[in-house]
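Here is the structure we will look at, set down as structure tokens.
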Amino acid sequence: MTDEQTAPLTVLIVVEDQTDHDLLYDWLDDTDGFDPLVGSADDPFDADFDVCVLDVAGVTAHRAALAASREASTTYLPSLLFVPERDGEPAAVLDRLDGDERLIDDTIAAPVQRTALARRIRSLGRARRYSTRLAANRDRIRRLVRYLPDALFVCRDGVVTYANPVAASLLGVDDAVLIDRPFTDLVAAVDREAVEAALAAADERGRGGPVETVLTRAMVRDADGGVEHPTDADGGSETREDVGSAETTDTAGAVASAEVDADAGMVPVEVTTIAVGDETQVLAHDIRERRAREDRLALYRRAMDEATVGITIADHTDDDEVLTYVNNEFKRLTGLTDEEAVGRNPRFLQTDATDPDQVAKLRRAIDAGEEASVVLLNRRADGRTWYNAVDISPIRNADGEVTHYLGFQRDVSDRVARDQRLTVLDRVLRHNIRNRLNVVLGYTDHIEELLAVAEGADRAEGADGADGEDGADGAVTDGVDVTAVRADADHVRAAAMDVLALSDSARRFREEVVDADDADPVDAATVVEEVAARIAAGAPDAEVRLSLPDTTVWVAGAAPLMLVVEELLTNVVEHVVEPTVTVALAVETGEAVVTVSDDGPGITPDSRTALGYGSETPTEHGQGIGLWLVRWTVDAAGGTVAYEDAPGGGARVVARLPTVGERHDGERDTDGDGDGGTHGEDADDTAANGTAKE
């Protein structure tokens, strides 16, 4: 029980008969739970009490003070009329009071048993205390409403009957201005139907909303500082009010006065309606800050979406650390959609040739919650590969725990290709050309030695007058070994030709692939045939076979395909003795597939680096630039190249180049009969240029 419930009832005695007065006072004073009180003679009700006991004389003598006390009290203030037997029946006594009976809540006739009197007083006391508690609750509710951070409108039949200070502050008016106005007049016209539906929902189901709308500060300041209040949908106005100050609350809960900003426009709010009895409470939550946060977040999202660098966010709390966001640039780089990327670990972009050291470096950084920067070989949705410069940074929560990883991706394929070219060209300059020049210098020294011997022989012959004689085979003339000199000269010439060939290959790659802008569709089979015929003509010991498709395969520009086939065939005829090499052209899902197979010993592991996605090292590298040119050319054309051991021995290189649309000039006349036919009837014939078709 509360202290209030156990505290004695204070009973004010306003009984004019002294005998009855003393009797009541003594009895109450002797009874537990009662505390008798006697007021002043002038105003006995100017005291704190719970129940007042009066006789008829007391009511008559103090009716004005009693009425004023009851009217001023915000709570129930009960009065008990004590009617002695000499005054008659209580009902008759009430009739004689002539209107003052409204000041009496109960009557009790004397003589009376003490228990009955105590019961009557306690009953009135309980009602008094219920009323006091109800008033206290009402005061608390009123304070809560007054200091509520949201705007509160109390409506009856859709008309505002009360508005708290926050509501007035939001609209920039005194709260009295809002009373007796339809609430829908305060919202934007476009939202009135939705708000009316929320009000109706509260009547039907007890609650409606939330509905996002706009409270219109529907006031226009005029020259006198007043405000006009529109009453129709067109913004017309009929009434005018003075602009004053609207009350608002500060963070400490105190009511403050805020200057009205009648030009502030419109206030976005979230409206919820709640039925309370026959009234509807409308809570309007100011969502300007939320809208501002949403606008900022939307701006950040748009900035990330439109960034020129690929951006991803991965969930570090997920066991598989899946992607939760990818921006437009990432989707462009990878060729993936949101559905294909989100929810997957980004490792699915890696290939079998991705550098494991770079992957391990990335994994260590993630496990340690650190930043990292790596370059990974990734594969696009269409199968093409690209080098991805990945930078990752951890995102931490308020407790410092890593919850997500932010990733940035950039396509650095061009940079990697340049680095590879520089590395290879540096190796060619330092190794291949140096070796060739050493050959030139060595054979030059030998030639000089032979010439020196010849000069010595000439001097000796001049001294004894003898003439030089040719050997039986003419190998020595005047002391010079002509055969040796010619052999040395051939070696010098071959070394020089090698250097020239390296230079020509690099020049062709630059001019025909890097700098070329010729991307007109060409017939891939025609290009392959022409190159194969030219290589076969210069290598009589080699057998070059062709396998061409029945339909025309179009590729962008002749130069890339020509360089690839030429370098691959040249590599075979230069390194394989009397080779049999097959050049096959096929088309697979938008790609022209060129396969060059031979029956030689295969390509050395060092040289295969060019056909994979590794890089050369100072101690491990191939001997030529040709295979690198193949790789760079295919990369530049947007294709792929791979090496594999041919069945039964030998090497097989597969280059894939994108196909393009037809030239719309009909099929290529492959068999020369003018009907656009295929190679079928000539498949086993040997062509005049030394190539064989299959």
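In case you wondered, yes, glycine gets a Cβ from its N, Cα and C as well.
Note that TrEMBL annotation is computational and uncurated.
The feature domain 'PAS' is assigned by TrEMBL to 157-206 (among others).
The annotation compositional bias 'Basic and acidic residues' is assigned in TrEMBL to 223-243 (among others).
Annotated region 'Disordered' per TrEMBL: 223-252 (among others), in sequence order.
As annotated by TrEMBL, domain 'PAS' applies to 296-373 (among others).
Per TrEMBL, the feature domain 'PAC' maps to 370-424.
For 657-694 (among others), the entry in TrEMBL reads region 'Disordered'.
Annotation source TrEMBL lists compositional bias 'Basic and acidic residues' at 661-681 (among others).
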Q: Tally the residues of the domain 'PAS' (157-206) by DSSP class, grouping H, G and I as helix, E and B as strand, and everything else as coil.
A: 32 helix, 7 strand, 11 coil
Q: Summarise the model's confidence over the domain 'PAS' (296-373) as a mean pLDDT value.
A: 94
Q) Quick one: DSSP breakdown of the domain 'PAC' (370-424) into helix, strand and coil? A) 12 helix, 30 strand, 13 coil
